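What follows is a short report on a single structure.
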Amino acid sequence: YNRVWIPDNEEVWQSAEITKNYKTGDCFLYVQLEDGTELNYPVDPAALPPLRNPDILVGENDLTALSYLHEPAVLHNLKVRFVESKLIYTYSGIILVAINPYKQLPIYGDAIIHAYSGQNMGDMDPHIFAVAEEAYKQMARNNKNQSIIVSGESGAGKTVSARYTMRYFATVSKSSSNADVEDKVLASNPITEAVGNAKTTRNDNSSRFGKYTEISFDQSYQIIGANMRTYLLEKSRVVFQSENERNYHIFYQLCASAMQPEFKHLKLGSAEEFNYTRMGGSTVIEGVDDRANMVETQKTFALLGLKGDFQMDVFKMLAAILHLGNVEITAVGDERSSISLEDKHLNIFCELLDLNCDKMAQWLCHRKIITTSETVIKPMTRAQAVNARDALAKKIYSHLFDFIVERINQALQFPGKQHTFIGVLDIYGFETFDVNSFEQFCINYANEKLQQQFNLHVFKLEQEEYMKEDIPWTLIDFYDNQPVIDLIEAKMGILELLDEECLLPHGTDGNWLQKLYNNFVNKNALFEKPRMSNTSFIVQHFADKVEYKCEAFLEKNRDTVHEVLIEILKESKFHLCANFFQDNPVSVSPFSSSINIKSARPVPKSPNKQLRMTVGSKFRSSLSLLMVTLNATTPHYVRCIKPNDEKLPFEFDSKRVAQQLRACGVLETIRISAQSYPSRWTYIEFFSRYSILMTQQELSINDKKQICKIVLQRLIQDRNQYQFGRTKIFFRAGQVAYLEKLRSDKLRYACIMIQKSVRGWLHRKKFLRMKQAAVIIQQYFRGQRTVRQAITARTLKQTWAAIIIQKYCRGYLVRRLCQLIHVAAVTIQAYTRGFLARKKYRKMLEEHKAVILQKYARAWLARRRFQNIRRFVLNIQLSYRVQQLQKKMEEQNRENHGLLERLTSLASTHMNDMDTIQKLELDLEKLTAQKRTYEEKWKKYKEDSEQKILKLENQNKELQEQKETLEIKLQEKTEEMKEKMDDLTKQLFNDVQKEENQRMILEKNFQNQKQDYEKEIELFKGEIKILKEEKTQLQHQIQEEIVIQDGLKMEIGQLTKQAQKIPELQKEIELLQTQKLDVEKQAQSQKRELREKMSEVTKQLLESYDFEDVRSRLSTEDLEHLNEDGELWFAYEGLKKATRVLESHFQSQKEIYEKEIEGLNFKVEHLSQDINHLQKLFREENDINDGIRLEVSRLTSENLVIPDLKRQVSELENQKLDLESRLQEQTVKLKKMKEMSNRLHYELERDRTQRRTNEAQNEVDIKEKERLQVTTQEIEGLSNGLMQDEIQDEVQSKIKQETTRLTVENMDLEEKLDMKDRIIKKLEDQIKTLTKTIENAKEYIGMMEYKKEDEERIIQNLILDLKPRGVVVNMIPGLPAHILFMCVRYADYLNDADMLKSFMNVTIDGIKQVVKEHSEDFEMLSFWLSNTYYFLNCLKQYSGEEGFMKCNTPRQNKNCLKHFDLSEYRQILSDLAIRIYHQFIIVMENNIQPMIVPGMLEYESLQGISGLKPTGFRKRSSSIDDTDTYTMTSILQQLSYFYSTMCQNGLDSELLKQAVKQLFFLIGAITLNSLFLRKDMCSCRKGMQIRCNISYLEEWLKDKNLQSSNAKETLEPLSQAAWLLQVKKITDDDAKEICEHCTSLSTVQIVKILNSYTPIDDFEKRVTPSFVRKVQAMLNSREDVPQLMLDTKYLFQVTFPFTPSPHALEMIQVPSSFKLGFLTRV
């Protein structure tokens, strides 16, 4: 049965369930109340009780989402939200209903502000911040001014709501240039509250004035200033307060601070000492510290620029008012009164305001009446004097209040132009008391105007909604209160009559009331006269009837003070007081010392002026100006509701709330909505919610909009109950409830079906088990019974006989049957096999023919396909071969060019050799010619000597006769001659000895030079051995590299595809080998010819001089004949001359020999250089050949052609070994040539010894010997030089030829392999880089040399212009940081402090600049965070401190800084890294934050858990069927992008884990905060979805191996919240389990989730308030922070762990992409 609402005296409305069907015409409705009592409720058939909404719709965020819209539904929804869910905000269409909780709630922090910032109004739970955000967003989007109208009763929370809206604007629109303007705007609130708020019976901080604050924004929508307008200050409160009420707060703050030194001159005391502060009997508010509030007020004054002098002037005025209230007025009779001149407070009052005390005492008790003829001074009674004193106090306070507001506005002024503004109106709501006076009349008049504006705006919005959706517009009847407004403000209305009565000198309240009676009673339905009173009148306002007492209406409207008192105040020397009462007040400066005041003669004011100055007229004009302002803006409404009059937290008085709902226009909004189509669903929402009611045929349609139309036409027959708009479906009241009932019935039926099937299955299963057990029992039981009955001898025999009979009978039957079956089976098989054979034969024939056809057809197709493929392959091969031939031709041309160059060089060297040979031949011809001349001369000499001998013999015969005679003379002469000969021989021997000594010295020098040459050759041999050892070492290193390169086998496997091209390479290698052999043969033939010629020349020279023949020709007789006739003397003289010639010739020969030795030394040096060059070539050839040998060895396992290459490479190695052996042979030949020269020397020495023995022979023999010695020395030198030059040139040319041949062959092979396959090139490059790195490790010391003027270029190229994506992917992490540190090492190496300091400063500035320029670029921030971290670690690792050197290698320890301590720069870099990390985190958070709530909370990936419910006027942004919305996949993809980017940029793993932890905390915090603020998301099904999403995040962590990052723990609060949504929440055990499990959630958060828990279907149960209280009681023992929202701005402390770099600085190379070619590695 349905449930209805019936009226109730206490609760206004009471819920009841119909117990009997109601029939049309019944006068009673049979119902049962919630307490169980049954009731026969009388009803009017024309007005049945309103129906109650389904429980699923109760507690909605928007009242317009209710299916049945009426007062009891609204009241019940507010009560459920306020009492059970502890939610104080609820939407009612465009209105935000705010119920005062009378308790501080943790829902106004900055985290809440940031949570609502940027959100759509319907996405989050109702909140004052949502209204403020909507106003701010519409202002920014539409560029239109906005206004927020906050209204309500006193104590409903208007001031607090207005304050929160202003705080929201100040937070979300902070200005970076003018940071204190928002603080100034907020600082205006405490000041206005201090001077304009007071404690009343309804509210401890009640605003006693209306306030409209315009917050101004610039074009970037940042606050630039504000302006404030006030309305209708309650001045009467200054002089009178009701019981338990207080005066304005500022008075009590001043009294509480009276004992402070700066306030002692005010001569104040406690609040109980002054009449104006003790009237209400309550001077203290519980929980409020007036003294602390005074300090806060002074601070806000100072913040607004209102300094101490201004504040003290204000405090003087306030103290003067308090002292004025304590002035004692004594009655003197009945008509007079007086004030003592010694009155303490009067004197203090006059002293503070610098007034004449006598005049003030006189004119407080007298009044001056000025007529046209005379001036009359009239004494006043005590009552009149007290009224005059109070009027003066009110006047002073009123001026002071206006002055403070004016100064606040001046402080909030801004120099620029206002672009837009948002106005916040904090104004009193509709009021009705037991006694209502002039103030209530003005307040209700203002509310009438605001209600009219509100009704028009609501009507306009409804019309726009209908027109936008193309719904037929029907005129809706709404309440128009223009008649009431006309009654008040129209011509001859209540206010005009009041002003007219005030103009009359003797006007009274009674006269004015009588005029009202005469004009309006029985003439205007909205004006009534009370039956029992003649002093009041009743006005029918839009909210209720209000009875006003006319007493004091005129006085309050006039608001006059006696002119004499005004004149006295004008004469005050206190500038502030005097300026208040000037006719044309000038701007008051708090710093002016004195003001000249002119006393003006009082003149009667004109009636027009007096009319303009009444309170009513001023209020009406200011109100009309306010309405103009509001109509020019887009309004937003906040209606504050007071739940009870006792100020009890979360207590709901239905009577008071219903009264206020009627008064504030909420019910009028509901009524307007209910008249048309209040429930509105988008097609997507309707489809998602009610797809369960659709049939399979309907769901098969693709257009969801069409499906919704078909389903609605089937479910709701009355077409008038709904309308189809462009994007929404509009429902009449009650239709959504009907659809919900259908949905719940369908679900209930489905549940029953599931239950029926499950229960039937369980019972069937149970029954089958029982049946099986019963059958088994019966089986055993019957078997036992049968056995017992059958066990007898006769039965046994009978049974045995029967069995035998059965056996034979059954055997016979079976055999017979078997025979029949056998015969039948054989016949069947025969026929079957015949049939199958024939069928098979026919099939074979068909298949044979088909095969023949297929054979020819397939052959033809195959031939055609083959021909096509062959043509295609031939074309490809042709093009490929053409390209290869072109490349080969180019390579062959290059090779021919190289061979031609080598041939030309060989030809040139050959020509040079031929020239030298020709020269040698010419020299030999000259020598032979000289030999012939010498022989001819010898023959002539011999013939002459023979003739002389014959002549001498003849003479000897003739003279023999004379011999005897001359013997004596001859003996004498012989003796003399002997003596002379002895002398000559001695001299000759001495000269010969000298020459011999010189020759020995020369021979020693020659021997020494020869030994030096041999030593140099030995050194060369040693170097060759060392080079061989280095070669073996390099081979070992390359073998180690071979082991490293095993990982590249997979890439080399691709080379097998190119294996077919290797035979071509073999052919080219064979051609090169044949060419090489031809060149070698030619060189060898030339060498043979040269050697033969040289051997012939030496033989001729050695054979041409026969020393023994010469000796044999000179006999002793010839010597004796030579000595005769003085010929020996001439011979001696000739010998001396010959020796001189020999000496000169020997000297020239010596010089020539020395030059030849120098030439040999030069050639030896050149040869050593060539050997070094050859050694380098050998190394490179070894490296290349080793790389080729590696590649060939790997290819052997893949192709049979590769072993040939390996054999060829081994042949090349053999050729190299042959070349080395040839070098050794050449060195051996050199040794042999040296031995030959030694033999020649030995023979010469032997000849010299023979010559020494024959020294006594004649001069000719000596000359011949000397000549022979000289010629032999010359021939020896020439032969030695020629042989050595020839051998060296031969060896050198041979080495060059071999090395060039090998290098050319290897380079050609390498180029061809590179052209054939890129992978080989890559491997060779890697091998080369490895060998280079090995060499560099030996050569470089890990520094970068730079010039100081290049610092800016380094920073520009390495930091500012470097793009992370442009950097080589496989470079070492932090390469720029390592290069920067290598530059730092160079500056440290030079010990240049200025250079080091400059470089560090420009580096840090460069990093700061690039981070600042790319502050939103995630990749750039990640890249430089990584490099800054690596740079910092390098400074630590190489600092030389022991703590950082533990993991260093010995080589890295050598690279430590030597001269400077950079610990200060390390601290600067550490701070910079922290700044980059924080910006890096902010960028990541900004990128992922928009995805979190849609992906984690809104997106529904699990099937069947859609929790959409009606959303009302504030439509929620749905993510269903929205292709552009974010999903959980979007979050995971974004996280993966962050992770991959950080890994690519080499970010340290610890930093990466900290960043991921921070991101996961943000995801958890934002999701949880949004969950707290979205009641519609707090359901069991949403908890399942959240838990599923958390599991996705955990899987992502596991996939990225980030479990150790503690990121999972940051999701624990969210995980517990999801668990809390799913767990059962009924019993005490459930409450205990919740308390034990939810350790990461605070008490406030747990209670918030429990209160916000919303069932999606009728099958779920709400959490009862008693259960929530039970959980709260269990959690009271916890000591946690009473904070609802998690701080999404919280950052975990970041730590930068020290991780030493494993990369050696010597191995680091600068990529060319860095453009740092001007840096030099040291």
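From the backbone N, Cα and C atoms, a Cβ is placed for every residue, glycine too.
Caution: TrEMBL annotation is automatic and unverified by curators.
TrEMBL lists region 'Actin-binding' at one of the ranges 25-47, 531-553, 623-645, 784-806, namely 623-645. Under DSSP, the residues of the region 'Actin-binding' (623-645) split into helix, strand and coil as follows: 9 helix, 8 strand, 6 coil. Within 10 Å of the C-beta of Ser154 (ATP binding site) we count 20 further C-beta atoms, all protein chains included. Note on Gly157 (ATP binding site): other Cβ atoms within 10 Å of its Cβ, all shown chains, come to 25.
Excluding the listed site residues Gly152, Glu153, Ser154, Gly155, Ala156, Gly157, Lys158, Thr159, the same chain places Asn100, Arg202, Asn203, Ser206, Ser207, Gly429, Cys640, Lys642 with Cβ atoms within 8 Å of the centre of the ATP site Cβ atoms. In the predicted structure, the region 'Actin-binding' (623-645) carries a mean pLDDT of 90. Non-local contacts of Thr159 (ATP binding site) by the CB criterion (under 8 A, 6+ apart in sequence, same chain) comprise Glu193, Asn197, Asn205, Ser206, Ser207, Asp426. The Cβ of Gly152 (ATP binding site) lies under 8 Å from the Cβ of Ala98, Lys158, Gly429, Arg639, Cys640, Ile641, Lys642, Gln660, Cys664, each of which sits 6+ residues away along the same chain. All protein chains considered, the CB of Lys158 (ATP binding site) has 28 other CB atoms within 10 Å. In this structure, the binding-site residues under consideration are Glu153, Gly155, Ala156, and the one with the smallest number of other Cβ atoms within 10 Å of its Cβ is Gly155.
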